[in-house]
Amino acid sequence: MSDRLTLLRPDDWHIHLRDGAVLPHTVADVARTFGRAIIMPNLVPPVRNAQQADAYRQRILAARPAGSRFEPLMVLYLTDQTTPEDIRTAKASGFVHAAKLYPAGATTNSDSGVTSIDKIFPALEAMAEVGMLLLVHGEVTRGEIDVFDREKVFIDEHLRRVVERFPTLKVVFEHITTGDAVQFVNEASANVAATITAHHLLYNRNHMLVGGIRPHFYCLPILKRNTHQVALLDAATSGSGKFFLGTDSAPHAQHAKENACGCAGCYTAYAAIELYAEAFEQRNALDKLEGFASLHGPAFYGLPANQDTITLVRDEWTAPTSLPFGELTVIPLRAGETLRWRLEEHA
């Protein structure tokens, strides 16, 4: 087994960078490894149009480390009021690559999200016409639905209908967490794909709940049982172009996580590819990591793969116990624990 692994530079097809004083920290972490990233638009207020997307993009570019060529790929936040013209203008910009469906109340800063999917059908029709991708947070939010069942119910009640109604629309089912989602994506047309996070590959709900509640494992969609984790590992390491890397790295300040009502999100960007390497190594599938991390995503988005490379070295190191987050701190996933792979830094 080799102690070095060289890959075409990967991309992150789902990340939260936040805004303001934290950007120099979050952008540096993602730019260290990834050539491009799909930037989530759930700011306050959200990124609803091309003008707001461009302003956010400029703030991200300004926060890049010196010499960085990292490219943010921008996303619109769909609301009940999103118009076909909003979509066409965003597509024409050249820097907006997708629009995101957040069911209202499903996750962090989703209060402005879609209250009924029927209300965005005109926008979805325009997206299909111009070739803009739909990114989906696939959970229902009704109070009577168990939090562990929200993804499956969303598939049955909404996602099947969208895919059937708009067969030419490219859809990314983001951060899938269940065997049900894997099956749906595998059985759907070539226009349907999914991202999978490192934390959903490495962990299940026992890690979060057994022996005490561990708030830094709390994310949405929530970690599921081990059988679903196994299904995700099967999908990620299958070699199928329908599955690719999306960290859903989502930082919150330490006090907002370690709280009686803590926020959802795991911060993984500081060591994302290293964490994925651990998951793939567990399956003796390191030969499949480059496809998942560097090739499948660009192919689905219709973009070229990166041409430069990164190298991972089998070399244990200890994750930091905390990281700067503006004037506050963020506790990364695996804080203070040993990681088995290290990204080789080039001078």
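Just so you know, the numbers here start at 1 and follow the chain as drawn.
Each Cβ is built from the backbone N, Cα and C atoms, and glycine gets one as well.
Between the candidates ALA55, ALA231, ALA264, Swiss-Prot assigns the substrate site shared with HIS16, LEU17, ARG18, ASN42, HIS137, LEU220, HIS252 to ALA264. Residues LYS100, HIS137 are given by Swiss-Prot as Zn(2+) 2 binders; from HIS175, HIS199, that same site also lists HIS175. Zn(2+) 1 binding, as stated in Swiss-Prot, involves HIS14, HIS16, LYS100; the candidate among ASP180, ASP234, ASP248 given for that site is ASP248. Using a 10 Å Cβ-Cβ cutoff, ALA264 (substrate binding site) registers 16 neighbours.
According to DSSP, ASN42 (substrate binding site) is assigned to coil rather than to any helix or strand.
When the Cα atoms are compared, ASP248 (Zn(2+) 1 binding site) and HIS137 (substrate binding site) turn out to be 11 Å apart. Here the CA atom of LYS100 (Zn(2+) 1 binding site) lies 16 Å from the CA atom of ARG18 (substrate binding site).
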